[in-house]
């Protein structure tokens with residue numbers, strides 16, 4: 001008699017095995033993508049001007065002849081995952097897809113820095129210590145593996161800090177693409193402060209689109225100290241937990257998900273002070289995820305839940321609408337409005 005688990009049919013068991021193997025080896029998804037970026041393959045295909053044959057690709061890569069078959073295997077797998085298209089005519093060739101177009105260095109929208117930053121062993125390697133982290137009372141995952149909090153680690157490691165800032169800037173460019181169609185966010189404003197605005201990628205887009213709007217990029221002093229502004233763009237260094245420059249509006253893009261509810265309340269209260277000084281009643285605009293497992297498509301939910309686990313390792317979290325609402329009320333805001341922004345991000349406007 002065939003063995004079974006709890007009376008399961010063999011077909012169910014084998015389906016479960018396939019699911020397990022898919023996730024056991026899922027690291028190859030990330031590492032093969034990292035390989036393509038490190039080998040500059042998207043740019044090679046882009047510069048070729050047409051689908052590139054395997055023989056031309058390995059010639060440009062200058063790989064040993066013994067590894068040509070391995071290059072083909074990796075390209076076949078990446079194509080299966082949607083990063084390249086295989087064209088079969090006289091010789092197997094590879095073309096870019098929308099996904100790999102986002103990895104072409106030098107293009108307006110390039111996420112290659114994000115691939116390099118997140119998949120650097122410094123960051124990705126920390127996830128081998130999830131078990132140890134779970135039993136530590138107060139430490140974040142990176143506190144366990146790096147010996148300090150993530151932000152302290154960035155301050156002490158300029159090279160990785162640059163990589164992180166480049167990654168955040170590359171991601172901001174995609175968000176900015178969506179913001180161009182959100183004129184209503186900036187209507188009637190004379191000033192806005194981008195809290196945690198990094199090197200100013202988002203603020204520059206806002207300034208170009210709304211030249212009469214005064215933009216302030218507010219970030220840690222070491223991030224902005226060597227940056228120069230323009231007519232309607234200025235950089236200010238400081239601590240968002242202490243005070244935030246006054247403005248008609250505050251922008252928090254990918255900020256609150258980094259922090260605990262307690263810390264978010266501190267930030268939101270400082271934001272409220274910044275937009276209500278001098279009798280004004282401005283607003284706070286948040287760009288972040290809103291988890292909705294009932295309404296979202298499965299793939300969107302998976303991304304949001306994946307990011308929630310990722311943020312948990314920083315002591316942050318992704319939130320559903322009820323969790324957001326609770327924060328806003330406790331911080332003293334009266335009402336809010338949520339609008340879809342991109343495939344998995346929302347634009348939240350809150351008013352004191």
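For all residues, glycine too, the Cβ spot is worked out from N, Cα and C.
Keep in mind that this is a model prediction, so the values were computed, not measured.
Features as listed in Swiss-Prot:
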| type | residues | note |
| --- | --- | --- |
| BINDING | 118, 119, 120, 121, 122, 123, 124, 125, 126, 127 | substrate binding site |
| BINDING | 196, 219, 239, 240, 253 | S-adenosyl-L-methionine binding site |
| ACT_SITE | 257 | active site, proton acceptor |
> How many whole Å apart are the CA atoms of residue 118 (substrate binding site) and the residue listed as 'active site, proton acceptor'?
Replying inline: 17
> Taking the Cβ of residue 118 (substrate binding site) as the centre, how many other Cβ atoms fall within a 10 Å radius?
Replying inline: 16
> Between the binding-site residues 120, 219, 239, whose Cβ has more other Cβ atoms within 10 Å than any of the rest?
Replying inline: 219
> Judged by the number of other CB atoms within 10 angstroms, which among 253, 257 is the least packed of the recorded positions?
Replying inline: 257
> Which one is it: of the binding-site residues 120, 122, 124, whose Cα lies the shortest distance from the Cα of residue 257 (active site, proton acceptor)?
Replying inline: 124
>> Return only the integer: C-alpha distance in Å from residue 196 (S-adenosyl-L-methionine binding site) to residue 124 (substrate binding site).
In response: 23
> Other than its own, how many Cβ atoms are within 10 Å of the Cβ belonging to residue 126 (substrate binding site)?
Replying inline: 19
> What is the interatomic distance between the Cα atoms of residue 122 (substrate binding site) and residue 239 (S-adenosyl-L-methionine binding site), given in whole Å?
Replying inline: 26
> DSSP three-state call for residue 196 (S-adenosyl-L-methionine binding site): helix, strand or coil?
Replying inline: coil
>> For a quick check of packing: other C-beta atoms within 10 Å of the C-beta of residue 196 (S-adenosyl-L-methionine binding site), how many?
In response: 19
> Between the binding-site residues 219, 239, 253, which lies closest to residue 124 (substrate binding site), Cα to Cα?
Replying inline: 253
